[in-house]
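Everything below concerns the one structure shown next.
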């Protein structure tokens, strides 16, 4: 046989003569480059010895590929299967398989099904059924309230979920999907679900009707809400006083007081009013500071046989404050006491709000003490108004005192209110006052949001309080919050500010291991600090890790846009 050898590449020679000497490599050189039979004379192909040599070539080639995969930790499972069988004595290395969506939240797994662009309702429902999650009504709400699903996808998901065992087919379940569709202005799908709800024998309640009307009014489609009120009989409801109050409340809450007043005048005599109806109208005019309209409504209320209550007076006082008539508001409060109508917490809250708007904190404290001396106790609204006002005017001592009184009274502020207290304290001065509010809130069992932790970490990082910073970071993780890229940036920046470069490098490496790549500003700051400390070797190694992480981050960003986690 006459073979025409071509010149071998350099990497073949390096493997045959260098440190990576493979078994049988010298005997393989004569046949490895001729795994195909192109260019071989027909006479050589017909030679029986050629088939024997060619068979041995495929066996040796498979063994070489196995050795290379073991050396470079690669898998050659996708390579072409040889035409001739090979011995089972040469094992093939396989990569361990694992679920690629194990790090996703349950709602993300369900939403991710719609990224696969499956065709047909059956295929989508089968894919949803194969997702290993424990379906609940709360999980359904998380799926439809967040993310970027379209209207058709949301309805399809809900129709599948409502058929699953353990999911009640009641008004509350339909309310969740109707509210979600209305918030995203998928009005056609919202009305479709409402009709399907009636067909399934589920009667809408006032909560569902309120969600539909509020969605239209929020989108500036007031006529749609009015049509909905007129056509309530299609959905098994009647336009009565309760449904009218719902519509008026939605209109006044969205400052469509003129439309609410027109409806109020149009249905007068057809639908019976109650005290709540008049109070809603007074509250609407109060938000606009229209004193004359408030007085007219109150007179109509008295003429209709209803007596103004504390809610009415609180709206009047609030409206007078918005109109700048604080003295008139004080007179109304005194008139209430003369008539024997004892002011409640809402009335005092209105007076406190009026004096807060004029920055008269002495009068605020006066009416707050009057509230404490009365038969009524301050509520969350009272404390929130006072604390926010004191913090805004940088009266930190008074704010801390009111905050401590609130906790002693057993009133636990919600997560959002607590974050609003910490935010202004982290915008001026040292972080001690913010940490005092944090420690007291944590002592009384208040839930602290991730945003509040980030504000505190950022402030501590700026002032170089590394001990408090690391302790706060541990407490954040103990409370169930996971660290994201912002948290790692604040910790690294704080450690760099005080010169703890070794700890900063450890935190940076932990962030990179978890898939977070901090910003270029933080990375450059740490790198410059290491170079200034003549730690060039550590700076270079960290640079290589950040470079790989940046490349992976860009790739993951592209993969995620294409549904990479599925």
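Cβ coordinates are placed from backbone N, Cα and C, and glycine is handled just like the others.
Note: TrEMBL annotation is automatic and uncurated.
Among the features that TrEMBL reports, repeat 'PPR' is placed at 170-204, 205-239, 274-308, 309-343, 344-378, 379-413, 484-518.
Within its own chain, the repeat 'PPR' (309-343) is flanked in space by residues 275, 278-279, 282-283, 285-291, 294, 298, 301, 349-351, 353-355, 357-358, 374-375, which lie at least six positions past its ends and keep a Cβ under 8 Å from the stretch. Residues 450, 453-454, 457-458, 460-462, 464-466, 469-470, 473, 476, 525-526, 529-530, 533, 535, 538, 542, 545-546, 549-550, 552-553, 556 of the same chain lie 6 or more positions beyond the ends of the repeat 'PPR' (484-518) yet place their CB under 8 Å from a CB of it. Over the repeat 'PPR' (309-343) the predicted model carries a mean pLDDT of 91. Taking Cβ pairs closer than 8 Å, the repeat 'PPR' (205-239) reaches residues 171-172, 174-175, 178-179, 181-183, 185, 187, 190-191, 194-195, 197-198, 246-247, 249-251, 253-254, 256, 259, 263, 267, 271 in its own chain, all 6 or more past its ends. For the repeat 'PPR' (344-378), the number of residues in each DSSP class (helix H, G, I; strand E, B; coil) is 26 helix, 0 strand, 9 coil.
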